[in-house]
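Asker: One structure is given below, represented as structure tokens, and several questions about it will come after.
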Amino acid sequence: MASGGGGCSASERLPPPFPGMDPESEGAAGASEPEAGDSDTEGEDIFTGAAAATKPQSPKKTTSLFPIKNGSKENGIHEDQDQEPQDLFADATVELSLDSTQNNQKTMPGKTLTSHSPQEATNSPKPQPSYEELEEEEQEDQFDLTVGITDPEKIGDGMNAYVAYKVTTQTSLPMFRSRQFAVKRRFSDFLGLYEKLSEKHSQNGFIVPPPPEKSLIGMTKVKVGKEDSSSAEFLEKRRAALERYLQRIVNHPTMLQDPDVREFLEKEELPRAVGTQALSGAGLLKMFNKATDAVSKMTIKMNESDIWFEEKLQEVECEEQRLRKLHAVVETLVNHRKELALNTALFAKSLAMLGSSEDNTALSRALSQLAEVEEKIEQLHQEQANNDSFLLAELLSDYIRLLAIVRAAFDQRMKTWQRWQDAQATLQKKRESEARLLWANKPDKLQQAKDEITEWESRVTQYERDFERISTVVRKEVTRFEKEKSKDFKNHVMKYLETLLHSQQQLAKYWEAFLPEAKAIS
């Protein structure tokens, strides 16, 4: 685009006529210099002054402006297109000026319009989908599939024992062999499923729900210990956590289509999952890779071009810290409520002993009734402690792990960006090497240098596409994750409030029933 100096007018700097310009246009240019400041018709409308302002816009300009307007939107936010024509053209001028600023072209808005041809406009990047569109897509991704995990069964004896769970699936989707089926799975099978899904989908920016954490102490008690309340509580927690994990997997449209998921749900016997033990060779290798990734992450300094990702990553990191603090407080609450239940039971026993030794019949009966009330209250405290743990603590624990996976998706996007930047740097070095060969007049090595440049140009293009694709996936995944998180927290908090309300109502009934006994003491 030919552009004059900052103080130069169109009449002082005339560009040469375009090759396809007809003689009549050249004659008009010679007769009226102010109107021939630019041979482009879009530029004419800008520089002709007041006379051109009243001139109606041609359909050609409208066609060239709409793609530029759509392509210049950032962060997936679209404006309504039900605007008047003059507003559209004014908005397009502003957007094109912003684009020219990003291209380091310090020109006037009118000349910015001249710099964009209809062909360039059609090649503009596709607009990002809006959050409303993403939510509509997620509403369409509702699948009629429910999974349940029941009947934890200990198989074997000693340290070789393991627990098998019954996985039941109910669905009307045609991809499955029947509407209802059940298989037996052990904990390592769930870990193996996660490893397979993570290996395939995490590198593309997908948020793969993580399984519950291993518990060496809990499983040791189950394997070698007797069946007691602590072992039963551990198995119930793990069963519920595995059910939530598997339900999140099948609720994800991409994960559900994965053949490993269908095999996990349908196949009677699975090959033994290897590398799931923490002290195995594969487990140690994973720990080493995680440490290496952490170090490499510290060395990457990404120049973020989209403020959405920067702000969202800060929100995720801050939320993870707050959830960890809240989880610690809830765990303390659970322990205190269990201690309260234990002390209430001791209090009830002491009251019963006191009532049995009391000579006053009315007082003895009242103390015995009070002991029974305290025993019922002890049961309420124990139930509420379990509700605190299952409905709050476990939910927070799930989302602490999920937020770590969300951060990993951002990290994977950063790695993809770094690979793109490294390829650009390598391409620049190859071009510099070619220039040195040209300068040194070494034609024998010049062809190889050109081939390498062609190869790295294709790599740069591919890596740029990979970065754009993973950015789109991460944006969509985070939007979906936040929506699911809101629904999940709402459901669990409502259930938790219902348990609290029920507990308080029962407590009031117990005391109301005991009140006549207390008044009857003479």
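Cβ coordinates are placed from backbone N, Cα and C, and glycine is handled just like the others.
Not measured: the values here are computed from a predicted model.
Found this in Swiss-Prot, in case it helps:
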MOD_RES   Ser32  phosphoserine
COMPBIAS  35-45  compositional bias 'Acidic residues'
MOD_RES   Ser39  phosphoserine
MOD_RES   Thr41  phosphothreonine
MOD_RES   Thr48  phosphothreonine
COMPBIAS  55-65  compositional bias 'Polar residues'
MOD_RES   Ser58  phosphoserine
COMPBIAS  71-80  compositional bias 'Basic and acidic residues'
MOD_RES   Ser72  phosphoserine
COMPBIAS  98-125  compositional bias 'Polar residues'
COMPBIAS  132-143  compositional bias 'Acidic residues'
DOMAIN    143-272  domain 'PX'
MOD_RES   Ser188  phosphoserine
MOD_RES   Lys237  N6-acetyllysine
MOD_RES   Ser280  phosphoserine
REGION    281-298  region 'Membrane-binding amphipathic helix'
DOMAIN    302-522  domain 'BAR'
Asker: Take the Cβ of Lys237 (N6-acetyllysine) and count every other Cβ within 10 Å, whichever protein chain it belongs to.
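Answerer: Result for Lys237 (N6-acetyllysine): 19 neighbouring Cβ atoms inside 10 Å.
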Asker: Give me the mean pLDDT over the region 'Membrane-binding amphipathic helix' (281-298), rounded to a whole number.
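Answerer: Computed over the region 'Membrane-binding amphipathic helix' (281-298), the mean pLDDT is 58 on the 0 to 100 scale.
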Asker: Three-state secondary structure of the residue listed as 'N6-acetyllysine' from DSSP?
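Answerer: It is helical.
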Asker: Can you count the other CB atoms that lie within 10 A of the CB of Ser188 (phosphoserine)?
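Answerer: Taking all protein chains shown, Ser188 (phosphoserine) has 17 Cβ neighbours within 10 Å.
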Asker: Could you count the residues of the domain 'PX' (143-272) that DSSP puts in helix, in strand and in coil?
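Answerer: Split by secondary structure, the domain 'PX' (143-272) comes out as 65 helix, 28 strand, 37 coil.
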Asker: Work out how many Å separate Ser188 (phosphoserine) and the residue listed as 'N6-acetyllysine' at their Cα atoms, rounded off.
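Answerer: Ser188 (phosphoserine) and the residue listed as 'N6-acetyllysine' have their Cα atoms 16 Å apart.
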